[in-house]
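Asker: Sharing the feature lines straight out of TrEMBL:
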| type | residues | note |
| --- | --- | --- |
| DOMAIN | B:25-184 | domain 'Cytochrome c assembly protein' |
| TRANSMEM | B:21-44 | transmembrane segment |
| TRANSMEM | B:56-84 | transmembrane segment |
| TRANSMEM | B:91-115 | transmembrane segment |
| TRANSMEM | B:127-146 | transmembrane segment |
| TRANSMEM | B:158-177 | transmembrane segment |
| TRANSMEM | B:201-222 | transmembrane segment |
Amino acid sequence: MAFESLSAFIAMEGHGPYVWTCYGVFVVLLAGLMLWSQRRRRTTMEACRRNYEREAQGQQRTARPAATFTRVEVSQD
Amino acid sequence: MWQFFHKLGSPKWFYGIATRLMPWLLVVGAALLLAGVVWGLAFAPKDYLQGNSYRIIFIHVPTAFLAQSVYIMMAVAAVVTLVWRMKLADVFVKAVAPVGLVLTFLALFTGAVWGKPTWGTWWIWDARLTSMLILLFLYGGVIALDRAINDEKSAARAVSVLVLVGVVNIPIIKYSVEWWNTLHQPATFKLTEKPSMPAEMWVPLLLSVLGLYFIFGWLACLRMQTEIIFREQRTRWVKDLVMAGRP
């Protein structure tokens, strides 16, 4: 150990706030990025699964148009 | 050779390899990074000039190093995208740009906090710091440009060109401490010389650099997989994969 006690380790001879701020932000951002990336893969897969299921249902119902268009008369005056 | 090249370009093949590789990347990366950081924080000797504030180096150098090498990897992938139109290369650029952004931010942030007790200031507009800030904007630009263009192929081409134009910044970052007067100290590691610090300092630093490389590898695999699922959702194999409910 480079330090004699736990309190000396935390204080780092006055440089503690600087050192621990850096390490704190590093851990939060790196862990955050890792968790967010993992969550994103899961949500992407879930969204795809919902798409597939919706398509499967759509195929069972027959002759349903993909979209409906309504002609709207707009007067020009 | 060509067969291997084509296989490498196949998203399905890559997806399988990544799934098998990822647990190893994560375990080895976390172990190396943890070992380097704990060693650096608690066991490495104090710097005779900077005192304990220098312990920030064990995360500052890895993030700054990775921030630059991720950009170089993106530039190589951009060339592959433009020349061979390989899908995976474009997937890589899109997947890792946010990782590069976070790494560059961390390098700048830890540098600023280290600068306060060492130089007496959070920030100066010198060559090293400014060129790193430009790297941050380049990563942001790549992400924004990619999101602004809906068509996948046009986006891939535009992003590749931007990445390649920005690559001019990398040698500027690297040599900024030698070309211009700066408060920033010169490079810690050089390929041609032995490190100027004792082994109890540079060994933990090397461990944390390697560890962060492995963690980056894990992140790249994971984020590329996500991008592949999204792009290839019309293919049979992705549908089977998603419906099977495995990652």
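Including glycine, each Cβ sits where the backbone N, Cα and C put it.
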Asker: Excluding the flanking five residues on each side, which residues at least 6 beyond the ends of the transmembrane segment (B:127-146) place their CB within less than 8 Å of a CB in that stretch?
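Answerer: Sequence-remote neighbours of the transmembrane segment (B:127-146) are 64, 67-68, 71, 74, 93-94, 97-98, 100-101, 104-105, 107-108, 111, 155, 158-159, 162-163, 166, 169-170, 172-173, 176-177, 179-180, 182, 184.
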Asker: Do the transmembrane segment (B:21-44) and the transmembrane segment (B:91-115) come close, with at least three CB pairs under 8 A (pairs 6 or more apart in sequence)?
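Answerer: With fewer than 3 qualifying Cβ pairs, these stretches do not touch.
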Asker: Give the one range among B:56-84, B:91-115, B:201-222 whose Cβ atoms make the most pairs under 8 Å with those of the transmembrane segment (B:158-177).
Answerer: B:56-84
Asker: Grab the same-chain neighbours of the transmembrane segment (B:91-115) for me: Cβ-Cβ under 8 Å, and only residues 6 or more beyond its ends, written as numbers and ranges.
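Answerer: Contacts of the transmembrane segment (B:91-115) (Cβ under 8 Å, skipping residues fewer than 6 from its ends): 11, 53-54, 56-57, 59-60, 63-64, 66-67, 70-71, 73-74, 77-78, 81, 121-124, 129, 132-133, 135-136, 139-140, 142-143, 146, 156, 159-160, 163, 183, 216, 219-220, 223-224, 226-228, 231.
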Asker: Would you report the average pLDDT that the model assigns to the domain 'Cytochrome c assembly protein' (B:25-184)?
Answerer: 91
Asker: Let me spell it out: take the transmembrane segment (B:201-222), skip the flanking residues so only those 6+ beyond its ends count, and list any with a Cβ under 8 Å from a Cβ in it.
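Answerer: Beyond its ends, the transmembrane segment (B:201-222) has Cβ neighbours at 18, 21-22, 25-26, 28-37, 39-40, 43-45, 47, 57-59, 61-63, 65-66, 70, 92, 95-96, 99, 103, 188-189, 195.
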